[in-house]
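Annotated in Swiss-Prot:
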- 93: active site, proton acceptor (ACT_SITE)
- 247-253: region 'RNA binding' (REGION)
- 266: active site, nucleophile (ACT_SITE)
- 271-275: region 'RNA binding' (REGION)
- 304, 306, 309, 335: Zn(2+) binding site (BINDING)
């Protein structure tokens, strides 16, 4: 697709960008946050819920859909959009990250990667061409190349080998891609090495993909290292193409990523912490299970106008979580997704008015981020999924 991305404005005092991404299922205003619906659903929400909070782009995961229900079934149903009754934009991850998180359950060679299904133990083999074919059959608007995501503790030689294999696979994915209505994005690797990140960005930029993602970050490393790597890497990617930072979704991280020049974000964080009773607010995350909320008559977030905050007291939400009622998870998820959707709209408006830096400073002056040590501990636990299942 020609002219798939238009850069409308760049901040005069940072690298924050305001743009528009055009796809077969509509226009996306950037910078944008995409909720994750790995298995063709954003957990606990309907498409109508997402639209009600102005979400028009979500992510689904090819690995999970390949194993269950299977790509042929979704194709027979008319593609992923019809299968899940979603007429907005869908970005599909190739599943590379999930496959490589299987560690001892997978083996790779230059041709592709073999792995054992976490569902039934069967052995599967996927090539870069397969990853492209699967995503074309799904009919997503944005597809990702198959990449090798090295472990956060990988040696320099292992990171180099993973980067070089990622480059070769990206080239094969590009050659195999034939669906003109779908954008294929490359994924920059290189660990935390500035030199390897530069090499990866420059090589993939030379292949002229419609967009570029930064993979292999936000895997438990300190946040200052994450964003130092992001800022460095983006210097070597074309300004006229969208930049996608994978796996980032905390409010403070979205602000920092935007200031670096990132256009697209995705993360399971808002939905996952919602199901654990954490509600985003302008002051930081609020734990609804705290006894202080047991008798609070007003909404948990007085500044929020989402369905949850308009209709339910904090005391009621506290009760639902204490009783482990399913409605608790749904109402918390609606709130967290609405919070991030509103935050991204405010970010876009501030870039348009060239006051993003003031907006960011004002937000962070009141917002209390999660303790860094706790965040890293949670991240490491989440990276390995549950019951042997790779992360969503």
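Every residue number used here counts from 1 along the chain in the order it is shown.
Placed from the backbone N, Cα and C atoms, the Cβ positions cover glycine too.
All features noted in Swiss-Prot, drawn onto the structure.
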residue: 93; record: active site, proton acceptor; Cβ within 10 Å: 30
residue: 266; record: active site, nucleophile; Cβ within 10 Å: 22
residue: 304; record: Zn(2+) binding site; Cβ within 10 Å: 19
residue: 306; record: Zn(2+) binding site; Cβ within 10 Å: 20
residue: 309; record: Zn(2+) binding site; Cβ within 10 Å: 24
residue: 335; record: Zn(2+) binding site; Cβ within 10 Å: 28
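Long-range neighbours of the region 'RNA binding' (271-275) within the same chain, counting only residues 6 or more positions beyond its ends whose Cβ lies under 8 Å from a Cβ of the stretch, are 35-36, 42-44, 285, 329, 332-333, 335-337, 382. DSSP states for the region 'RNA binding' (271-275), grouped as helix (H, G, I), strand (E, B) and coil, give 5 helix, 0 strand, 0 coil. The residue listed as 'active site, nucleophile' falls within a strand segment according to DSSP.
Compute the center of the Cβ atoms of 304, 306, 309, 335, which mark the site for Zn(2+); besides them, the chain residues with Cβ within 8 Å of that center are 299, 300, 301, 305, 307, 308, 310, 334, 338, 339. Cα-Cα distance from residue 304 (Zn(2+) binding site) to the residue listed as 'active site, nucleophile': 22 Å (rounded to the nearest whole number). In terms of DSSP helix, strand and coil, the region 'RNA binding' (247-253) has 3 helix, 0 strand, 4 coil. In the three-state DSSP reading, residue 309 (Zn(2+) binding site) counts as helix. Cα-Cα distance from residue 335 (Zn(2+) binding site) to residue 266 (active site, nucleophile): 17 Å (rounded to the nearest whole number). Here the residue listed as 'active site, nucleophile' is compared against the recorded positions 93, 306, 309, and the shortest C-alpha distance is to 93.
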